[in-house]
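**Student:** Copying in the features that TrEMBL gives for the protein in this structure:
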type	residues	note
DOMAIN	A:143-205	domain 'CBS'
DOMAIN	A:207-265	domain 'CBS'
TRANSMEM	A:290-309	transmembrane segment
TRANSMEM	A:315-342	transmembrane segment
TRANSMEM	A:363-385	transmembrane segment
TRANSMEM	A:391-412	transmembrane segment
TRANSMEM	A:424-451	transmembrane segment
Protein chains: 2
Amino acid sequence: MSDTDRPDKKPDQAAALREALNRGAYQHAQRLLQTLHPAEIAALLESTPSPEREFIWTLVPAEENGEVLLHVNDDVRNALIRHMDPAELVAATEHLDLDDLADLIDDLPRAVTRQLLQAMDQQERWRLETVLSYPAESAGGLMNPEVTTVRPNVTLDVVIRYLRLKAELPDQTEQLVIVDRYGHYVGTLPLQTLLISDPDKTVAEVMDTEVEPIPVDLPARKVAQRFADRDLLSAPVVSVDGLVIGRITIDDVVDVIRDESEHSMMSQVGLNEEEDMFAPALQSFRRRTLWLGINLVTAFIASAVVGLFEATLQQVVALAVLMPIVASMGGIAGSQTQTLIIRGLAQGRLTASNAQRFINKEIILGLLNGLAWALVTALLAFVWFGRSDLALVMGLAMVVNLLLAAASGIGVPLMMRRLSIDPALAGHVVLTTVTDVAGFFAFLGLGSLLLR
Amino acid sequence: MSDTDRPDKKPDQAAALREALNRGAYQHAQRLLQTLHPAEIAALLESTPSPEREFIWTLVPAEENGEVLLHVNDDVRNALIRHMDPAELVAATEHLDLDDLADLIDDLPRAVTRQLLQAMDQQERWRLETVLSYPAESAGGLMNPEVTTVRPNVTLDVVIRYLRLKAELPDQTEQLVIVDRYGHYVGTLPLQTLLISDPDKTVAEVMDTEVEPIPVDLPARKVAQRFADRDLLSAPVVSVDGLVIGRITIDDVVDVIRDESEHSMMSQVGLNEEEDMFAPALQSFRRRTLWLGINLVTAFIASAVVGLFEATLQQVVALAVLMPIVASMGGIAGSQTQTLIIRGLAQGRLTASNAQRFINKEIILGLLNGLAWALVTALLAFVWFGRSDLALVMGLAMVVNLLLAAASGIGVPLMMRRLSIDPALAGHVVLTTVTDVAGFFAFLGLGSLLLR
């Protein structure tokens, strides 16, 4: 999708806000902040350097504080929390949904947590502990334990009267969950169905039993996949015994999908998506050092291979001129294969039963690529340096290298997966090291054999 | 997120299906297919090579055909459509929602489209044409023109009786849209509110006027941002005159978010996300040639820079050994800065008012990086080759190169954006060309000045 944006009014509001702050119109700024949603205020805070950021934070309406803290990245959240006293923090967070509070609670000072827990009744505390007992990246960590349940044997009319009596439903409730007398999952009753059906019918007559409940230990990524595949708005979560213990709503799933995509974009270059854009340079320096250090090691490995052929390079300096081309083409072709494998694995499209077909195809493709680009690069090398032996070395190296690139594009991600390392994270570094080493070795090795 | 998956039952179903096909148990296979949702069948088809794919397609229940066609990628869809006769295609697609049909219609043979249009009544045809008249990547392209609207002055009781009379609501309806007598947007009425409120109240008394309607020309990416920021399940779409002309539901938005993330992952290595994993090698070869060709041109540019210093390389062959290190470190550091800029621009976090602060920080960081890695690499070069002049060249080149890398990491995406090229697509190739050229030039240039 193109990033050439059409004008939208939100950036204008942010600009208007900054302009109001600059000319000291704080009341006007406060009114502008009131028109923004918490996620939009969070974006504004993330895109404002300190100390303006802390100042804007004091202008944010107190009732929005909790929601805004939920939406900012970890670095910014910690900085904002440091500027709040315990009473403010308790006030900001005590009205959050339990699943949201669970996401935040690790970042709160211990005194605040203790106070929050004391203010809760027995049932709420128990529910919070339930959510906290599951890994954040699982259905249990995503779910909200507040579910409106009804029994299958009552009439719709009774359900409607029950809801009017309750006078409030959890946010984003678009279906009720049907449970038996022991709390086991039976089905769901969409509010739509409740509204349009004959009120004298029973829940059992109109309920939907198609929705499969989500096991509490399903990984978040698979929860997201299921929501997307089946166009779900919400789904009940059940324990191993089939008891309904919570529900997951699509808004949390959307966050999972967005976070995952941001995480993979950032981690490819060794960055953390929770980092503050305006962190002090020294702090960013420390964080990015590891990645540059790893890269230096891999670059030295490639250099060491070149070093093996110092004598040959001395004799035929054209090899030094052409060697970046061989390595670079291998890196690109290998990344294409690797990206397809990583996607196939992540989406479950690549399985034991079809992998061989895919691998065969990519190897044949590597050979085709090798032959085609061998011709092109050999010709260019001949035109440039006027040496047919150099052109031959170039062509042969290209065939070898592009075949090896296809093989590494397949082998590297599969090996990393076997080692339980995320291939999307470290795959690129490992792959280019392999293709660099192989490319330099093939090209300079052939050069040392065939040229003088 | 780690890709080391826990066991899930879906892959087993796919495996069970393949196993059933292998032993010729077609009825069993057909029953298994009936338990899968259309998106899951689509995934299965995408992960099965031809001709098994076409055979499975014949076993898919006819009533699922339309939905499955919606979910497979373009290549696979075209292949499946080629195997269907017009009558089958009409049957498969005539019951799709209008917004889904609009996504599919370009891929259908003309005879099928004509037949579909003839089978529609005047109003449906007009609605379809409305959706088709907007770009697919805009709110208009995403919306479904079927909206259930009510007037503000009626009582909830009347609304409930009206809905029971209709006896059916469009899929994923969780709120009604309130319009005035001319069809202008007034507010929304969540089904929740309708259910729990006193039935004698009027719509106007309980409706929600907080939901901002979505302008029909808002780009899809911004629609997705708004849904995510405000936790929306659906939102009304209005024309420039404020008339309600459709609604967008979260399931379409989830598809936008997922497609965008897949698109950016694939396009970084010059691949198209609509490509069939099992396309013939020759077809993939043709598609990937362009990207490898572009890369060859950029690699030759970098080589040409190296070629300028042939005489120096002849004298000091250690330069050839070390030069990949300088270029590689520049590429990595530059990508980190570039990735932050691309994300900042895409999320609207980087604006005219804060860009300078961010740029200053990254330049300071480039200097810090340059100084630190200059020390490390100079030391390593000294230990390796025992030449202090070579170590000095290495260190100086590293400072220059990492400063230039920061500058290009900022400049390249900003320049591409100005040229209306998506920096996420071509940014990496352009950036590494710049850092390679700069790295080789700095290192070899300093070498030719200071070494002999």
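Yeah, the Cβs are placed from backbone N, Cα and C, and that goes for glycine too.
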**Student:** Which listed stretch (A:290-309, A:363-385, A:391-412, A:424-451) has the most C-beta pairs under 8 A with the transmembrane segment (A:315-342)?
**Tutor:** A:424-451
**Student:** Tell me if the transmembrane segment (A:363-385) touches the transmembrane segment (A:424-451). I count contact as 3 or more CB pairs below 8 A, with pairs 6 or more residues apart.
**Tutor:** no
**Student:** Counting by DSSP secondary structure, give me helix, strand and coil numbers for the domain 'CBS' (A:207-265).
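**Tutor:** The counts are 27 helix, 16 strand, 16 coil.
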**Student:** On the DSSP side of things, how many residues of the domain 'CBS' (A:143-205) fall into helix, strand and coil, could you say?
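**Tutor:** DSSP classes over the domain 'CBS' (A:143-205) add up to 20 helix, 17 strand, 26 coil.
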